[in-house]
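Handing you this structure, nothing more for now.
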Amino acid sequence: MRDLKEYDYSALLLNLTTSSLNKAQRRWRFAYAAIYSMRAMLSLVKEIVPARIDPKTSDASLSLSYTALESGEGAKINSMPLSYVPAIDQEQLVEIMKGKDLPGIQALGGVEGVAASLRTNPTKGIHGNEQEVSRRRDLFGSNTYHKPPPKGLLFFVYEAFKDLTILILLVCAIFSLGFGIKEHGIKEGWYEGGSIFVAVFLVIVVSALSNFRQERQFDKLSKISNNIKVEVLRDSRRQHISIFDVVVGDVVFLKIGDQIPADGLFLEGHSLQVDESSMTGESDHLEVDHKDNPFLFSGTKIVDGFAQMLVVSVGMSTTWGQTMSSINQDSSERTPLQVRLDTLTSTIGKIGLTVAALVLVVLLVRYFTGNTEKEGKREYNGSKTPVDTVVNSVVRIVAAAVTIVVVAIPEGLPLAVTLTLAYSMKRMMSDQAMVRKLSACETMGSATVICTDKTGTLTLNEMKVTKFWLGQESIHEDSTKMISPDVLDLLYQGTGLNTTGSVCVSDSGSTPEFSGSPTEKALLSWTVLNLGMDMESVKQKHEVLRVETFSSAKKRSGVLVRRKSDNTVHVHWKGAAEMVLAMCSHYYTSTGSVDLMDSTAKSRIQAIIQGMAASSLRCIAFAHKIASNDSVLEEDGLTLMGIVGLKDPCRPGVSKAVETCKLAGVTIKMITGDNVFTAKAIAFECGILDHNDKDEEDAVVEGVQFRNYTDEERMQKVDKIRVMARSSPSDKLLMVKCLRLKGHVVAVTGDGTNDAPALKEADIGLSMGIQGTEVAKESSDIVILDDNFASVATVLKWGRCVYNNIQKFIQFQLTVNVAALVINFIAAISAGEVPLTAVQLLWVNLIMDTLGALALATERPTNELLKRKPVGRTEALITNVMWRNLLVQSLYQIAVLLILQFKGMSIFSVRKEVKDTLIFNTFVLCQVFNEFNAREMEKKNVFKGLHRNRLFIGIIAITIVLQVIMVEFLKKFADTVRLNGWQWGTCIALASLSWPIGFFTKFIPVSETPFLSYFKNPRSLFKGSRSPSLKKP
């Protein structure tokens, strides 16, 4: 670089200040100095900028946002960030990515040239400070997609407004308002029509607000479920960040099962294969490498291998971005239970429509035959009655009939499901479970079998090497120095090169940081801290030729390396001890000698493995061989280097959770890749197996044994199996299929890519949030955020709570429907009028549908729910217990209201208006008291745990206050009159009798045979086969 001293400004500046120059000369000298300085600076820039973006420059010059300065102490990295404009055309790079233009990449200097232009150091990543990340986000955009705007409140108002019954009521309100004003004047004539308007408006607003709120809730949960974690390299450290925080220039680590978070280029890795079917539709897996195909695209998934990727496009600049931006995720997913309730709503609505039609016909006939009176006079006197009066009366009759339909249709049922699901999903998040599919909430309550993994679910997944055997000799921590240097060097190779983990050693020389899977971290920690491995040195001395990543089918991983010092090629295998042992013909001793693996030696080593496994240790073996060629990983004739035992303790509370599931009638089956001895030890520790079990031999099988059964044997033995060891994902899938064929509702936990088929096949797929791959999560219904089996038990409890809450509301609402329909129908037939006006019925509909749903759908789960047996696939949605409760309460309400209708005036010595108000008030208060009964369908104490549900208490209080306002202050609006204290006391007393009636009702025994099966053709929706609701599409 040109020396700055070459540009000497001192003489120039001195000449500018000399007194001999006149004013004009000084101005010319200043102009010359300015031009000269600019030329000098441009010359410097031309030399400095290429030096900074040259891909062949040193690490210091590649340090993107930092300036390398020379000082007396040598080159140092300045900590001050440097604003820069990328030395690359971003739009051109996006087009190159979209077209997979390899010559275009090469023209930019290859992947390394692109990295240099983006100021990325491939070995250190970008700088992780907020200023640097924000600058890159401003320059290249954020890793988010522009979604179509969510549905607003007006959309839901419009949806509610489109309801046919609402439209008919509005038409009736318009006619009623017009004729009322014409007949009685605007001061008195607007009340009836205006009241219907206000009531309809309230129904629309409340319905729209409820749906809008739930839409927002589901959108929020959807954003959370899309916020996956990505591992990146920043400031030389591997760290996990949100996918939304990935920026251009980031170095991203990819492994099997990961979803690629942005468009990028392959930096380094091995055996990388990508599934691009989500983007191209092609099912074939594509191999990605540095030379021929370095292109990696957002949204695609890694199916094999591992790699590091340089991010070059994010968000809307990615190939997938434009496609995703046009997709609006539908949060209005209909669950199977909602579909069943829609059918139930439709059927009850038809019954209500029939009753309303009969009421309409009867009232019209009675009116036009002169059998109705108003203020003691006949309403219709043929041609003497004004047309306006006739039309107004007909409109009033039609409005009453339509309102009966409104009350009869249990529109609150789907709302109750939505409220319950939204409430449960929100609460389950705090209980470490994220729901991805709504149907899983209700289905989980019916689970009869849970197939669970061991590692990380039943155990802590915090591995630590506690045993090490070299050949037939146990090596303790204090005796590792006795290991031969040659064997030690091979162990360094076997752990340091055959791994997907990494070791980060800071400049300060503090304790190294280990990253990777728990197993990899444990092995690296043991090799570095106990055996003294320098991982960076090991990597520099060897060249990795080929890698075979860990496979759950083979249960091992391998690497082919060339030692640079002597150019020899070595094969290293690592994996399940008995699998690796089967590949060995010799073994190393601590002195470095190699002994023959005869039958006696193999038996002794197998006994060592079984002994460690019986102590709940996970056994990993290392084997080595000098290879004859550099293209194939040989799998036989290896030499066993050593066996380590990793301790992974059970999670606290797992045994209690297992016991809870057993009491709930749910069978736990542990499916693991560990050997049978380790699996049994953990199963006993967790309580899955009991030492008193007589059928212990049938309870434990190996995967190969299970898959080799005949179909008949599998179906016969599958119920008895509690533990399946050395299993593959295909064995897990096979077990799930067998269990479902036997009628079980199956929940399955999984974390690997290969678990995806089993997760999809199961009725409920539960993926692990920490160790789970993105492929597994996408295949699942619920993500267990803490990977803890205790959270699985909590999900089971929530599932039962959802189903139970919906049944409570069905019982409550059908009671109101039956009572309202019968009382209006009988009164219309016999007296020619309906005791409850359109506005009053709309008010009942409002408190019943919305407030009732809120009160009953938000009950929290109790431990009592887990003392019941699971709900069967074919069990009726409306049980005999529910029929008993709702029929008794309905009959009581009908009896009370009919007595008030026909004898109320004489019993209480009141006029008709007071009697009608008593009927309306008593009917509403009956629903308030019956809400308490609905809290418990079988238990006699309906007040237990009431203090924990403040929302229920609040809604009851609000309902009572609003009812008082309706009766006492909105007389014109609600067509009521004021009641005195004695009359209020009578209404409360009559309504409160529903409590003792509900208490004694629960002593009435019920048959186990479904109630409607006694009829010749029971409606299928009530009997309700649950198979469609549980079977995956």
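The backbone N, Cα and C atoms fix where each Cβ goes, and this holds for glycine too.
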Do Gly178 and Phe943 end up on the same side of the membrane, going by Swiss-Prot?
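Domain labels do not match for Gly178 and Phe943 in Swiss-Prot.
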Report the same-chain neighbours of Asp453 (active site, 4-aspartylphosphate intermediate): residues 6+ apart in sequence with Cβ closer than 8 Å to its Cβ, ordered by sequence.
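Spatial neighbours, sequence-distant, of Asp453 (active site, 4-aspartylphosphate intermediate): Met670, Ile671, Thr672, Thr749, Gly750, Asp751, Met768.
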Which chain-mates of Asp755 (Mg(2+) binding site) that are at least 6 residues away have a CB under 8 A from its CB, listed by sequence?
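Looking at Cβ-Cβ distances below 8 Å from Asp755 (Mg(2+) binding site), excluding near sequence neighbours, one finds Pro729, Lys732, Val748, Ser767, Ala776, Ser779.
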Does DSSP put Asp755 (Mg(2+) binding site) in a helix, in a strand, or in coil?
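Reduced to three states, the DSSP call for Asp755 (Mg(2+) binding site) is helix.
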Kindly report the helix/strand/coil residue split of the topological domain 'Cytoplasmic' (858-877) according to DSSP, in that order.
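The counts are 5 helix, 0 strand, 15 coil.
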Using all protein chains in view, find how many other C-beta atoms are within 10 Å of the C-beta of Asp751 (Mg(2+) binding site).
26
What kind of secondary structure is Asp453 (active site, 4-aspartylphosphate intermediate) part of, going by DSSP in three states?
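Assignment for Asp453 (active site, 4-aspartylphosphate intermediate) reads coil.
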Take a look at 807-825, 878-900, 910-930 and tell me which one has the most Cβ pairs under 8 Å to the transmembrane segment (949-970).
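Against the transmembrane segment (949-970), the leading stretch is 910-930.
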Do the transmembrane segment (878-900) and the transmembrane segment (807-825) share at least 3 Cβ pairs closer than 8 Å, excluding pairs fewer than 6 residues apart in sequence?
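Judged by the Cβ rule, the two regions touch, with the required three close pairs present.
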Determine which residues of the chain contact the transmembrane segment (837-857) at the Cβ level, with the cut-off under 8 Å and only residues 6 or more beyond its ends counted.
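Result: 169, 172, 195-196, 198-200, 202-203, 206-207, 210, 399-400, 402-404, 406-407, 410-412, 415-417, 419-420, 423, 805-806, 808-809, 812-813, 816, 820, 920, 923-924, 927, 931, 934-935, 951-952, 955-956, 958-959, 962, 966, 973-976.
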Using DSSP, what's the helix, strand and coil tally for the topological domain 'Cytoplasmic' (1003-1006)?
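Counting residues per DSSP class in the topological domain 'Cytoplasmic' (1003-1006), I get 0 helix, 0 strand, 4 coil.
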